[in-house]
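Working notes, beginning with the structure itself.
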């Protein structure tokens, strides 16, 4: 039994481990609202490109 078989043998169908950022593959701080599926760091970087505007 190799290393890969031990740690990644459990199916990841739901929960935090099943989702990752679509631009950087990070698993922490995912924004799923409106189907974005990007982490909060990438959201700050790409928010204006996506069409979000900062309100004062």
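The backbone N, Cα and C atoms fix where each Cβ goes, glycine too.
In the three-state DSSP assignment, the secondary structure recorded for residue 21 (Zn(2+) binding site) is coil. All protein chains considered, the CB of residue 21 (Zn(2+) binding site) has 20 other CB atoms within 10 Å. For 21, 24, 39, 42, the entry in Swiss-Prot reads Zn(2+) binding site, with the evidence type sequence analysis.
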